Each structure stands twice: as structure tokens, then as C-alpha cells.
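A short write-up of the structure that comes next.
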Amino acid sequence: MTATVLASGKSVNLPDPLMDTWALTVYNPLEMWKLNPCFVAGEALFCFLGILTFAHACVNRKSHSSNPVTLWIGCFLGGSAVEFFTSLHPQIDNALHSQACIVLTGRIVALYPLLGLYGALQYMSLQLAFSFSTSRSETFLSKVGFGLVAGLIGHVLYELLDATGTYFLWWTWHEGDPAYLSRRAGVPLSSGFWIYAQIASLGLVYAFTRYRTPLLFILSSIFVMPVLFVIPFVLLFHPLDELYGQAQLATYIVVSGSVVALLAILRHNKPATMITLGLAWLYVFLMAAVWTTLHDTAGSNLRYSYGQPFANRDCRGEMEVVGWGTIKRERYLCPFKVDENVSFTLKCLETYPADESEWYWVCGKDVTREAEYEILLRFVKAAMLLLFLGLLTKSSKKKNE
């Protein structure tokens, strides 16, 4: 039963799928647009980026000693492995996708992040970082440096998606999970740290395998990268967050280390032509277009999807143990926990979801002034980074001439 009545008296229903199997569900984009236009536009944007970057890799496959197609496939499969595992395994299950036009595996995992985040943004980040590599025989420290720079670029680019997805109900978070309680302008700090750790780990894998058999990088992306990216969380993020309440310091430390690595690389390496710089600019411009045209729709967005189990009582303090016995978190979402720190509201509903519901409606909130300043800062950081990389490329070309 997907129908509900809003506080305004209006009845709303999730559209019937055009195709509905356990593996694949497809909705009509025109019908989904009525619920969340920004999400439909964003989904199209990221699917387009995924296809475009894959085509880019295919066109340039013979112009690189390390095949870009192998890189794209490794990025896509490695990220997808993490996404499926964390979304479907009950011991994690802390990032909850909204119903996109194309969703997979029982309507739990959306297709667009697999193509657009893991396929496109990770591919662009690694391509940009490794444009500084000028030799097949890089030192160990240089390889580590390239991985850190890839993480830095990916972190800055992902910040646009991170904030947009949170503010416009592209997903919700498990509101009882301690990893997501520390936030900046409503966006969990652990989310940005995660993508840095994942892309930096993927960069390390690529640095040590790119001149070997393509299958080695692909398999390492699937099986080694997911283990590597946990290490910064164990050593930095969780201790700083849980012991000192300073989770933001973890990001400052890794970003500072990446900047130092970039400056050290620049002393000895000048970038080759950055063939994905234009794609990165396209991504930033398209995200800016989505924001400028649809920013005023956030407060009217509606979401019906899989979420944290619901309870109508005061559920604060009702705990469960997950993470294979390593994490205690509050199990339920209840009205007492839906406050100004949460990216959605229940006030739009005439009646709350039933107890123990895992599929239910929530509503969007208007973008706050703090959130507007935050996304503006993120766009400025992305533009400054890409301008800096572009200037390095231009300077390198002039010296070569």
C-alpha cells in the first residue's frame, strides 16, 4: 500500500512501475517528476555522465599505456561492490536510497550512483590525478601521492552530490547510526570522508596495478579497495569522532596531507594533458544548473522508499548492535527524532507510518540559508580546484613548447 494522505488533504501515491522484478524496477520519469523533480533531473545527469565517461574511455583506449576502459570498469565494479554490500547487508544498511526511476535488487539500490558516482566521478578523479604521472617506474611515495591526490579531487567533486542528495531527498541516512550524527550544515561528515577514503584507496590500487594485467586492477578494485578504505576510518575518523567529538579534524588531516602530496609531486612532475578536465567542468556546470533551476522545489519533495524502521512511541534509547558486534545504534526512527538536524519532515503527513514500517512517506524541507552558503562554498572549492588543474596544464604546455 503506497498511498497516503497529506496534512493538506491531498492524496498521493507512488506511481506503478513500468517494469517490476526483484532485479530491476523502472518507473515513468514523468510521474516521478511530480514527487521530486530535482531527483529525476539528477538521476538523468548522473546516468548521462556515466555513459559519457565510458564512451570517453573507449575513444581514448589506445592513447594511454594504461587502458582507460579498464580504469572505468574497475571504478564502476569496485564502487558497485561497496554499494551493494553496504546497502543490502543488515549489519550496515545505513544509507537509504529514495525510489529513483531505475532501481535494483528489490528497489533498494539505485542505478545512477553506480554509473555516475562510481563510474564517472571516480574515473575522472583518477584520470586527473594520474595526469601527473610521467614515468612507468614511479617511486613508492609517488604512487602513494597519486592515490592521495585522487582522493582529494574526488572528495571535492563529490561534495556537490553529497549536499544536493541530502537536501533534496535523493537518500536519507540511518538517524540512529553514530557515524552519521556529526554533521556540517545538515550533511554527515562521514559521507565526505568515506568518498575520500574510497577514491584514495582506489588510486593506490591503480598506482600499483595499472601497468599489469587489466584483470588485476579490476579484481583489486572489487576485493582490495573495500578493505583499504576502512583503515582511515579506524585510525582517524572514528577515534576523533567518538573520543573527542571532532570528526571534522579527520577530513582536515587527510585533505592537508593530499595537498602536501600534490605540491610534492609538482616539484618533479608536470601534468600531461588532462583529458577529463572538460568532463569535470561539465559535471560542475550541470550540477549548478540543477541547483539554480530547482532549488526552490526542496520543500515540496515527497519520498516513499525503504528506510529505518519506524515507531510511533518515543524510541530514543532503543538500541541494536550491528557492524558484527562493533556498533551500537538506535534502531528506530520516530517523531521525537525528526528535528531540525534531519533532512526531512513528517509534518506534511496526516498520519504517521505504522509501527515497524520500513517503507513509508516523508517530505522535503526548504533549503536553509546555512545550506545555501554551504553548497555555494562547495561549488567555489570545485571551481577553484579545476581552475588550478587547468592552469597547471596550460603552464606545462607552454614549457614544452
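Positions of Cβ are set from backbone N, Cα and C atoms, glycine also.
In TrEMBL, annotation is done automatically, which means it is predicted and not curated.
Look at TrEMBL and you will find 21-387 tagged as domain 'DUF7802'.
Residues or ranges marked as transmembrane segment in TrEMBL: 39-59 (among others). Long-range contacts of the transmembrane segment (39-59) within the same chain: residues 29, 32-33, 68-69, 71-72, 76, 98, 100-102, 110-117, 119-121, 123-124, 161, 164-165, 168-170, 275-276, 279, 282-283, 286-287, 290, 293-294, 301, each at least 6 residues beyond the stretch ends and with a Cβ under 8 Å from a Cβ of the stretch.
According to TrEMBL, the feature transmembrane segment maps to 71-89 (among others). Beyond the ends of the transmembrane segment (71-89), by six or more residues, the same chain brings 50, 53-54, 57, 95, 97, 105, 108-109, 113-115, 117-119, 122-123, 126-127, 198, 202, 205-206, 210, 217-218, 220-222, 225-226, 229 to within a C-beta distance below 8 angstroms of the stretch.
Using a Cβ-Cβ cut-off under 8 Å and counting only residues 6 or more beyond its ends in the same chain, the transmembrane segment (109-132) has close neighbours at 42-43, 45-54, 57, 66, 68, 71-72, 75-76, 78-80, 83-84, 87-88, 97-98, 100, 102-103, 146-147, 149-154, 157-158, 161, 198-199, 202-203, 206-207, 210, 265-266, 269-277, 279-280, 283, 389, 393. Taken from TrEMBL, the feature transmembrane segment covers 109-132 (among others).
The list of residues near the transmembrane segment (144-171) in space but at least 6 beyond its ends in sequence, with Cβ under 8 angstroms from a Cβ of it, reads 36, 38-39, 42, 46, 95-98, 117, 121-122, 124-126, 128-130, 132-133, 138, 185-188, 191-192, 195-204, 206-207, 251, 254-255, 257-259, 261-262, 264-265, 280, 283-284, 287, 290-291, 294, 297-298, 301, 303, 343-344, 362, 364, 367, 371, 374-375, 378-379, 381-382, 385, 389. Marked as transmembrane segment by TrEMBL: 144-171 (among others).
Residues or ranges marked as transmembrane segment in TrEMBL: 191-208 (among others).
Residues annotated as transmembrane segment in TrEMBL: 215-237 (among others).
For 249-266 (among others), the entry in TrEMBL reads transmembrane segment.
What TrEMBL records for 273-294 (among others) is transmembrane segment.
As annotated by TrEMBL, transmembrane segment applies to 375-393 (among others). Note on the transmembrane segment (375-393): residues 128, 131, 153, 156-157, 159-160, 163-164, 167, 266, 270-274, 277, 280-281, 284, 287-288, 291 of its chain, located 6 or more positions outside it, place their CB under 8 angstroms from a CB of the stretch.
Within the chain, the transmembrane segment (191-208) has long-range Cβ neighbours (under 8 A, six or more residues past its boundaries) at 71, 74-75, 78-79, 82, 122, 125-126, 129-130, 138, 143-144, 146-155, 158-159, 162, 166, 180, 217, 220-221, 224-225, 228-233, 237, 247, 250-251, 254-255, 258.
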